[in-house]
Amino acid sequence: MKTSIRACLAWLALAPMFALPSAAQQAKGQPEPSGNTRKPGVVILATGGTIVSSTRSPTDMANYSGALAGVDSLLKAVPQIHDYANVRAEQIVNVGSNVISSENILNLAKRVNAVLAEPDVAGVVVTHGTDTMEETAYFLSLATRSSKPVVITGSMRPATSLSADGPVNLLNAVMVAADPGSRDRGVMVVMNDRISAARYVTKMNTLNVDTMGALEQGYLGAIAGERVLYYFEPARAKGELYFDVSSVTKLPLVELVYRYQGQQMQLVRDAVKEGAQGVVIGFTGNGNASPDHEAMIREFGSKGIPIVRSSRAVSGIVTPKVSGSMATGSLSAQKARILLMLALTRTRDLGQISEFFAQQ
């Protein structure tokens with residue numbers, strides 16, 4: 001009995017990695033599409049993450065490590081994507097998103113822009129770990145410009161685990177990227193049958209597959225079976241900005257520090273001392289700074305070093321309060337760091353940088 005259970009678990013662990021019959025082949029009485037059928041072109045740019053990871057046990061969905069499979073394994077695991085698009089794939093980097101670097105996302109943005117410029121490409125899918133997915137998504141929303149969709153997806157469960165969510169997330173992402181209704185919507189995140197705007201999406205749970213979403217702003221749409229459904233007509237997030245990174249070779253160092261009871265300001269001073277060209281501070285509440293922090297903000301501002309006030313709260317608006325500082329509006333602290341990095345590639349003028357944040 002134990003042997004049969006082990007064999008069953010082993011098969012279930014490997015099943016997601018085996019090719020399944022295509023949707024067209026499964027449909028009884030429906031012929032395969034003819035070779036003349038023109039499908040939209042979709043390019044998958046792979047960066048690694050849980051979606052290509054494996055685990056020793058199919059029931060252990062939290063503790064996994066080791067070598068990550070390449071993008072080819074994704075294509076083999078979900079052959080149905082070819083029913084919806086002419087797909088090709090490229091491996092940009094192959095790491096967990098907890099170690100994605102500024103260099104990685106800069107290179108990714110440049111490649112996304114190049115692919116979007118190809119006339120036969122309808123959209124791009126980026127596979128990515130969920131830990132910092134929201135940061136990369138927001139970076140791409142600021143550093144890419146096209147009416148074509150950029151869709152980011154990943155998974156919460158390793159490829160070899162029971163009920164792995166990666167295959168269906170990838171299928172859904174390709175469907176969204178290929179759908180004509182996805183144009184002029186900017187960068188989106190597709191996870192767990194839902195479509196979110198990169199500007200507002202965040203990771204809300206450490207283990208649950210229903211982790212990526214937006215709190216107050218909600219979702220853009222959903223995938224229902226084989227249909228991509230949008231709740232609204234095409235639109236971009238309010239205050240959307242664009243930064244041309246084509247000639248940028250290195251992103252400025254911007255540090256993020258969170259405020260807590262009894263915190264010493266030396267952390268911020270050390271960050272600047274070590275080369276940070278700007279600092280985002282996740283204060284409590286509505287970016288509430290102590291008198292000492294306010295004085296420090298003004299001090300650094302007089303030296304041309306931007307200090308951005310954010311909040312460690314999970315939602316809400318940070319309003320302008322401290323002279324010489326910048327408020328993040330509805331941006332999270334981690335996304336404010338992304339905006340400040342890109343702003344510093346364009347200007348060191350604190351007034352202009354402040355205007356970028358004022359639009360958020």
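For all residues, glycine too, the Cβ spot is worked out from N, Cα and C.
Given the structure is predicted, the values throughout are model-derived calculations rather than measurements.
Shown in sequence order, Y64, G96, G129, T130, G154, S155, M156, R157, P158, G166 are the residues of the chain, 6+ apart in sequence, with a C-beta less than 8 angstroms from the C-beta of T50 (active site, O-isoaspartyl threonine intermediate). If you look up TrEMBL, you'll see T50 marked as active site, O-isoaspartyl threonine intermediate.
In this view, T130 (active site) is surrounded by 25 other Cβ atoms within 10 Å of its Cβ, with every protein chain counted. Residues annotated as active site in TrEMBL: T130.
The substrate binding site feature in TrEMBL is assigned to S97, T130, D131.
The domain 'L-asparaginase N-terminal' annotation in TrEMBL covers 42-234.
Residues annotated as domain 'Asparaginase/glutaminase C-terminal' in TrEMBL: 254-357. Mapped onto DSSP classes, the domain 'Asparaginase/glutaminase C-terminal' (254-357) shows 42 helix, 22 strand, 40 coil.
Residues or ranges marked as signal peptide in TrEMBL: 1-27.
Apart from S97, T130, D131, the substrate site neighbourhood in this chain, defined by C-beta within 8 angstroms of the site C-beta centre, holds G49, T50, G96, N98, I100, H128, G129, T132, M133, G154, K203.
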